[in-house]
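S.K.: To start, I am sharing the structure in question, which I have written as structure tokens.
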Amino acid sequence: MEQTFIMIKPDGVQRGLVGEIISRFEKKGFSLKALKFVNVDRPFAEKHYADLSAKPFFNGLVEYIVSGPVVAMVWEGKGVVATGRKLIGATNPLASEPGTIRGDFAIDIGRNVIHGSDAVDSATKEIALWFPEGVVHWQSSLHSWIYE
Ligand SMILES: Nc1ncnc2c1ncn2[C@@H]1O[C@H](COP(=O)(O)OP(=O)(O)OP(=O)(O)O)[C@@H](O)[C@H]1O
């Protein structure tokens with residue numbers, strides 16, 4: 001089944017939003033497949049955001065991601081990439097709908113609390129980058145209560 005890479009950024013960790021964010025993905029019915037709490041170094045952050053290296057905000061973005069620990073996760077479920085992005089909300093939190101994570105908990109684009117893969121292809125790449133050891137293979141006993 002489809003998987004996505006989700007990262008709670010340093011501001012989300014500092015602001016005590018880890019439990020709230022995990023809870024939203026769990027309550028939706030998505031399934032946690034991997035999780036780690038890590039400090040990333042600059043080369044790793046630059047690799048994760050390599051597609052944005054030409055952007056004027058790139059250095060600030062890398063500084064932000066290395067500024068404290070992050071929670072890296074893999075979530076699985078039908079349509080989890082696109083629906084995960086909906087749970088997260090628009091990149092600029094002032095444009096994110098209330099009820100989304102960014103809409104409820106953030107204001108500035110450079111402090112938008114969470115990252116989620118933007119496509120199935122990028123999810124595959126990001127999961128390989130963050131979890132080279134692989135993910136946990138299990139199936140929730142709630143599966144048949146969530147999927148028809
Ligand atoms: N104009 C900007 N100024 C400052 N930071 C920005 C700006 N645009 C994007 N960012 C930061 O770079 C991240 C990646 O930008 P991108 O355009 O890929 O948005 P996104 O896909 O919604 O975010 P993410 O990849 O973190 O889920 C944003 O989440 C935000 O933290």
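Even glycines carry a Cβ here, placed using N, Cα and C.
Annotations for this protein, taken from TrEMBL, read as follows:
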DOMAIN    1-138  domain 'Nucleoside diphosphate kinase-like'
BINDING   Lys9, Phe57, Arg85, Thr91, Arg102, Asn112  ATP binding site
ACT_SITE  His115  active site, pros-phosphohistidine intermediate
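Could you tell me the structural context for the features on the list?
M.R.: DSSP classifies Arg102 (ATP binding site) as helix under the three-state reduction.
The number of other Cβ atoms within 10 Å of the Cβ belonging to His115 (active site, pros-phosphohistidine intermediate), over all protein chains shown, comes to 20.
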S.K.: Mind running the recorded positions Phe57, Thr91, Arg102, His115 against ligand 1 and keeping the ones whose CB falls under 6 Å of it?
M.R.: Phe57, Thr91, His115
S.K.: Through the lens of DSSP with three states only, how would you label Arg85 (ATP binding site)?
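M.R.: The residue in question, Arg85 (ATP binding site), is helix (DSSP, three-state).
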S.K.: Could you tell me the C-alpha distance between Phe57 (ATP binding site) and His115 (active site, pros-phosphohistidine intermediate) in angstrom, no decimals?
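M.R.: Given the Cα positions, Phe57 (ATP binding site) is 16 Å from His115 (active site, pros-phosphohistidine intermediate).
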S.K.: Between Arg102 (ATP binding site) and His115 (active site, pros-phosphohistidine intermediate), how far is it from one CA atom to the other, in Å?
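M.R.: A Cα-Cα distance of 10 Å.
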